[in-house]
Amino acid sequence: PVAMGAGFGAGLGLALASSAFIGGSFVLKKKGLLRLCGRARAGQGGHAYLREWLWWAGLLCMGVGEAANFAAYAFAPATLVTPLGALSVLVSAVLSSIFLNEQLNVHGKIGCILSILGSTVMVIHAPQEEEVSSLESMAEKLKDPGFIVFAVCVLVSSLLLIFVAGPRYGQSNVLVYVLVCSAIGSLSVSCVKGLGIALKELFSGKPVLKEPLGWVLLVCLVICISIQINYLNKALDIFNTSVVTPIYYVLFTTAVMMCSAILFKEWQHMVLDNIIGSISGFLTIVSGIFLLHAFRDMPFTPNLLPLFLQPGRADRHQSCQHQPLLPSEEKGSHSAQEEEEEEE
């Protein structure tokens, strides 16, 4: 069983708090933008939203959420923290239906329930990563041949996608730019993990600023995030958000889980039950996110339900079940016609 220590609990709490703050930030910023009546909207190139305190509150919540997410990687496995980021989508959808009067259809509600169930399963079966308590141990793991091969494969495939597949298929295939974001994102999470360990050592009084590895991780993180933002914006500019978001979540989380399994050996000491539980929880979250996004703009009326589930039509359905297939008169005339044909 997974050891639910104080560090694991702190990481779990920070990940959940991050999802709550980030999800709420979208609603606050949207609420602030809606208050710009008669003034230049952001979509029209205006900057009147800078004078709305709600928009600034949303930006502050976003910053707090990202900081909590950054800190969560220092305490909990990345395989747990990254999938829990899907809860921010759930929080945003629920709060939007309450405060912004945005309709959450049946598919969205089912998606929310599935996301909660999947997250619960992942927390119960979360892997306990190999202990990494210092930058020295982090440096040893970065020298592991398995991770070096993985990093080289990520960089080579990303370069091929950017310079070969991008000019040819980037405008027509959503996977090209999303794969770049996901692959580079797996390396950025590893950098965040290392910087989180460096900050823990810094607060404990160790001379971390003299270690070159911390600065190397910081530079790599800035480069990775810049590439992610660039190509994610390209994907969102070309394709629909409801298509890009679930695909990006699935590919990004899968890449992070693979990278963490190789770098931190998170799956090495797990029993089969926890492995199956983690994979099942992740697939359940994926299903929930897909339902929440793919059918977000699809109206769902009672007329689409089966007849026996539609309100006010259940009695009618039951009465129809007891009716004969043919009326008695038509049935009698039909049998008489058959007898005449047999006589002929």
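If you go along the chain as it appears here, the first residue is 1 and each next one adds 1.
For all residues, glycine too, the Cβ spot is worked out from N, Cα and C.
Taken straight from TrEMBL:
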| type | residues | note |
| --- | --- | --- |
| COMPBIAS | 328-337 | compositional bias 'Basic and acidic residues' |
| REGION | 318-344 | region 'Disordered' |
| TRANSMEM | 6-28 | transmembrane segment |
| TRANSMEM | 53-75 | transmembrane segment |
| TRANSMEM | 81-100 | transmembrane segment |
| TRANSMEM | 107-126 | transmembrane segment |
| TRANSMEM | 146-167 | transmembrane segment |
| TRANSMEM | 174-198 | transmembrane segment |
| TRANSMEM | 213-231 | transmembrane segment |
| TRANSMEM | 243-263 | transmembrane segment |
| TRANSMEM | 275-295 | transmembrane segment |
**Q.** Range from 81-100, 146-167, 213-231 with the greatest count of C-beta pairs under 8 A to the transmembrane segment (174-198)
**A.** 213-231
Q.
Below 8 Å between Cβ atoms, which of the listed ranges 6-28, 53-75, 81-100, 213-231, 243-263 makes the most pairs with the transmembrane segment (146-167)?
A. 243-263
Q: Test the contact criterion for the transmembrane segment (6-28) and the transmembrane segment (81-100): 3 or more CB pairs under 8 Å, pairs 6 or more apart in sequence, then answer yes or no.
A: yes
(Q) Given a Cβ distance threshold of under 8 angstroms, which distant residues of the chain, six or more beyond its ends, lie next to the transmembrane segment (81-100)? (A) 11-12, 15-16, 18-20, 22-24, 26-27, 30-31, 34, 65, 69, 72-73, 108, 111-112, 115-116, 118-119, 122-123, 189, 245, 249, 252-253, 256-257, 281-282, 285, 288-289, 292-293
Q: May I ask for the residues of the chain that lie six or more residues beyond the transmembrane segment (243-263) and have a Cβ under 8 Å from a Cβ within it?
A: 77-79, 82-83, 85-86, 89, 129, 141-142, 144, 146-147, 150, 154, 174-175, 178-179, 181-183, 185-187, 189-190, 232, 235-236, 282, 286, 289-290, 293-294
